[in-house]
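A.B. asks: My questions will all concern the structure given below.
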Amino acid sequence: IWVTPLFSIGNKRRLEEDDMYQVLPDDASQGLGEELQRHWDKEVRMAAKELRMPKLTKAIVRCYGKPYAVLGIFSFAVEVVKVIQPVFLGKLIQYFEKYDPNNMDALYEAFGYAAGVSLSTVALTVLQSLYFYHVLRTGMKIRVAMCHMIYKKALCLSSAAMGRTTTGQIVNLLSNDVNRFDEVTTNLHYLWIAPLQAVVVIILLWYEIGPSCLAGVAVLLFLMPLQTMFGKLFGSLRSKTAVLTDSRIRTMNEVVSGIRIIKMYAWEKPFSALVNEVRRKEISKIMSSSVLRGLNMASFFAASKIIVFITFAVYVLLGNTISASRVFVAVSLYGAIKLTVTLFFPLAIEKVFETIISIRRIKNFLLLDEIERPNMRFTLEEKKDASVEIKDLICYWDKVNILAGSILTCLPSHLPQSSLLSAILGELPHDKGVLRVKGQLTYASQQPWVFPGTIRSNILFGKELHPQKYEKVLRACALKRDMELLPDGDLTLIGDRGATLSGGQKARVNLARAVYQDADIYLLDDPLSAVDAEVGRHLFEQCICGILKNKPRILVTHQLQYLQAANQILVLKEGHVVARGTYSELQHSGVDFTSLLKRDEEEEPQTNNNHSVVKHAFSQNSISSHTSSMHSVKDGADQLPELVQTVAEESRSEGNIGASLYFKYLNAGASILVMLGTVLLSLIAEVLTHPKCQAVNTWENRVMTDKSPSLCSGLTLASVIFGFARSLLMFNVLVKAAQSLHNRMFISLLRTPVRFFDINPIGRILNRFSKDIGQLDSMLPITFVDFSQLILQNIGVVAVAAAVMPWILIPVVPLLIIFLFLRRYFLQTSRDVKRLESTTRSPVFSHLSSSLQGLWTIRAFRAEERFQNTFDTYQDLHTESWFLFLVTSRWFALRLDGICAAFVTVTAFGCLFLRDGLEAGAVGLVLSYAVTLLGNFQWTIRQSAEMENMMTSVERVVEYTELESEAPWETQKHPPPEWPSQGLITFDRVSFSYSSDGPVVLKDMKAMFRPKEKVGIVGRTGAGKSSLVSALFRLAEPEGRIYIDGVLTSEIGLHDLRQKMSIIPQDPVLFTGTMRKNLDPFHQYTDEDLWNALQEVQLKSVVEELPNKMETVLAESGSNFSVGQRQLVCLARAVLRKNRIIIIDEATANVDPRTDELIQKTIRDKFRECTVLTIAHRLNTIIDSDRILVLGAGMIQEFDEPYVLLQNQESALYRTVQQMGKAEAASLLESAKQVNTDTASQPNLMSLV
């Protein structure tokens, strides 16, 4: 009753999240998860004691076994009533067979039986409703608890364990594996009820028709083991499918994360082939499962026909006479066990085997290694004396002390594979040596990590807001100006992976988060790499040496000009400490360190020497970073407002699921011809079923004619064969539809512009590829086939009944109208609830995905509990919609069953009141049809509603197959094969915006980049540097004209354009797969080419040390390579492609000076004949360019040779150089002068251009 108001709302308008009822305390994620976790922890301890593997099933049984066992009583009662009802029915028909108008006792007895029939129908209605409500809720509880445990485990995984699992696998566990608990709880009790019920029915049948019943029972006994075998096969297929699904979702996760790179490299086709191949294998397993399912369902529909036919054929052959009451009791009793034995029992076996596989997968995940967390509670005394002590760590470290008053700086000369910081954080287990940390740690990661939420929530990270302190931190981290420029200030929402912020802003938010925490020791992993010189100096002086001056800080940086501020410097080489000491000590020691430094007299640092700073290389296992130049620290700077893309709310359809969607779904799997063939086959199968019923149903003849048995056998056999063919064909069509829709959705996703990925969180996209495609693969085909067979069956039954007794149509028609009205009323609301259930699932996946990316930060800040609570909140929101879907379905079922019960009661008593002149056969037919037809009717209506609700998944998939598409990959007009032969780029009045309604980020730009010219591009955040690259690659269509060697780029296909330019991107992206696949996904190059390219970038030795060299499979996102090494792989890709135009986008921001130098040298040597555009923060990387382009507010401020610009004291470049300190400025001017002299001494061949 309490759900009814919701239906009236749902029929007036679309339901929103606010309309949902709050989650019940018993169903809250936190409570359920903690309870199951307790049982699991206990099981793990017991297993360790008994020297065995822990069993997750035991923990689940201990936690939920008792209440679930009690529900078996309901189920048992339902089946008992189903068996008793035919007995009452038989007695009632017997009264008509022996009808005597004067026998009042018999009449009263008949009234008793009629009451029995109607009461049993009412009892079924109530009991079934209670049973399904409770079992489904139990399934939901297990699922929610399991999700809580999986997420909790994900937060504790050690680095080694992270290598053994992937985001794809965890998403699959949360989206598909846990759903098995919802499915298995519904049918599990039938494993013991079905055999028990079969025994009872056999006894009753023996009493009714004697030994003939054994013929029908033999068929049943043959079916049960056959279906058990099917169940086992389902289990093994499920485990194989799950592994392939993991693999597909992992690849999808990488594709969505690295979509910019994939588009710029024009790698859509190999990735499409990769996903399609995995999907093809997955579909072949699903197809096998579906064939089994088809056989299973066909055997269910055929079983009843075969059993009744065989039983009565034997009965007649044994010389017995058929009577109406006998036929009805037998048919009804077989009907009672038909569902249980041939549908629920095999379904229970199938689901049990599938669930065992899922439990095994979850258990293996829960048993992965966890990180060992040292106790981090310190006394006030210890906090005052905060320090980090490292002694003989992993046998490589000398004794190192970092105290509150001293300074230690580590400099890398080669990137060591494991990081000092990760050891201090406890992320890297150490075998030997001492690592003592006194004091609370906080950490700013090398690749800035932000989570979806407001900028303020990212900085506060769970701490209370103290306005003065907060303002101070914003100022120190140069974020004040950004907050003024953003539309909602610090309450601006950050998208998934920080898509709404520039790289520089993310880096500063990341730093501000660490600074705001009131910690004792600060680990800052290269926070200055993403900023330009001016902002870098501001952060160093105001933040690192300002606001934090009295705290020990361990700073990692490649900015050598800050080394004098350190008390102690540590030089690391390949994991060893090569030297240690102060700046001046190391300068005089002649260690490798000095070659990294300019020995010129540095401008006096304006900082006190009482802070401790440690500098070190980089941290392992990090996520790619968006680096970008910064907003000016000065407030008056002329800038564009930063491009902020708000996260779009997930789209949700409204209204009915139209016939067009069903057509799109079926048409995806079959042509119209095949669809018509399927319909025809179904009709033939159904038509063949019913004449043979006539043969049995011709009660008036009482005895079968001689021809009847042979005709009957022929019809039975034909109907069984056609039934099987129909079932298999339909499953085949529906699985093909799922495959086709998946492939179309994926291609559509690859073809959509990049902006789509900026405004849609990764969890939202993965939700459609995991959960919605999962529905299309498994549940929807079963429901669809079941519904289509039921509909035809009902039409057949009504037709046969009407042929025997036309007046039966009188009550059937109004009933049908009532049912259809109820269905429509129910679906108005239930469809919206189902859509809400789909959209409230996305935040769960997005939260998981972003938590895995920022795992180190979450753990360093001890924020696991807060993130767990957020996860539980998202789960509770999903539970609200799921629970609502459960109760609305029960509301519908209860009303349908109630109407049926009323109809059966009226029919039973009506027959008695109209007893005069009624044939026993007619009464039997009417009553048995009233019971079975109504059962079928309401089940059909229910399945149609269930199917329509599942079609919301098809709707969501189809929506993604129709995304806006970017320009075609290939057009009629192809550029010449050797194009571009020179590398001349001309921008002619180019304006650029990322979307039609977004701000213009490049304004009326005119520029020409000459062939073979090296151009450096500088400018602050929002100046339009990255937008210039986006316009060149047509990531969104620019206005105006861009020519390359005279070819208008907007007239050729995107692949023709993008394949002819190489980019070394800001974020070095590697994909899971072999090293070879990462370098050459198209297999265009020889082994020799690949090894040469690796040698050019000095990675050959690293790859040769890998176990399988070039064929070694990289970890997810290439996390077993350092950031610098990943950047070198991107450089090797550019070396291989041998293009005339190279774009280098902040490629050296995250690498140490030596690697930077190596990259610059490779660029100068290998790309001598190329036009090179370099976007950079480090001026020393671009000062030797032929010309420098300074951008501001989307327009060109100046464009000339560096030496010319530096001569002009008014120029923006001159001002930037001066902020770097006297020595650095002098050095840069010298470099520019040198380049100028070199170019002057050799005639400029390009002056003609």
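We count from 1, first residue shown onward.
Yeah, the Cβs are placed from backbone N, Cα and C, and that goes for glycine too.
All TrEMBL annotations are machine predictions without curation.
Here's the feature list from TrEMBL:
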TRANSMEM  68-90  transmembrane segment
DOMAIN    69-333  domain 'ABC transmembrane type-1'
TRANSMEM  110-133  transmembrane segment
TRANSMEM  187-207  transmembrane segment
TRANSMEM  214-234  transmembrane segment
TRANSMEM  297-318  transmembrane segment
TRANSMEM  327-349  transmembrane segment
DOMAIN    371-599  domain 'ABC transporter'
TRANSMEM  665-689  transmembrane segment
DOMAIN    666-949  domain 'ABC transmembrane type-1'
TRANSMEM  710-735  transmembrane segment
TRANSMEM  795-822  transmembrane segment
TRANSMEM  892-915  transmembrane segment
TRANSMEM  921-941  transmembrane segment
DOMAIN    985-1218  domain 'ABC transporter'
A.B. asks: Go through the chain and flag residues at least 6 beyond the ends of the transmembrane segment (110-133) whose CB is under 8 A from any CB in it; none is fine as an answer.
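C.D. replies: Apart from its flanks, the transmembrane segment (110-133) reaches 71, 74-75, 77-78, 81-82, 84-85, 88-89, 91-92, 95, 186, 886-887, 890, 893-894, 897-898, 900-901, 904-905, 908-909, 911-912, 927, 931.
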A.B. asks: Over the span of the domain 'ABC transporter' (371-599), how high is the average pLDDT in this prediction?
C.D. replies: 71
A.B. asks: Tell me if the transmembrane segment (710-735) touches the transmembrane segment (214-234). I count contact as 3 or more CB pairs below 8 A, with pairs 6 or more residues apart.
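C.D. replies: Stretch pair does not touch.
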A.B. asks: Do the transmembrane segment (327-349) and the transmembrane segment (68-90) come together with 3 or more C-beta pairs under 8 Å, pairs six or more apart in sequence?
C.D. replies: yes
A.B. asks: Counting only residues 6 or more past its boundaries, what in the same chain has a CB within less than 8 Å of a CB in the transmembrane segment (297-318)?
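C.D. replies: Beyond its ends, the transmembrane segment (297-318) has Cβ neighbours at 209-213, 215-216, 219-220, 223, 226-227, 327, 330-331, 334-335, 338, 342-343, 346, 689, 692, 696, 703-704, 709, 712-713, 716, 719-720, 723-724, 726-728, 782, 785-786, 789, 793.
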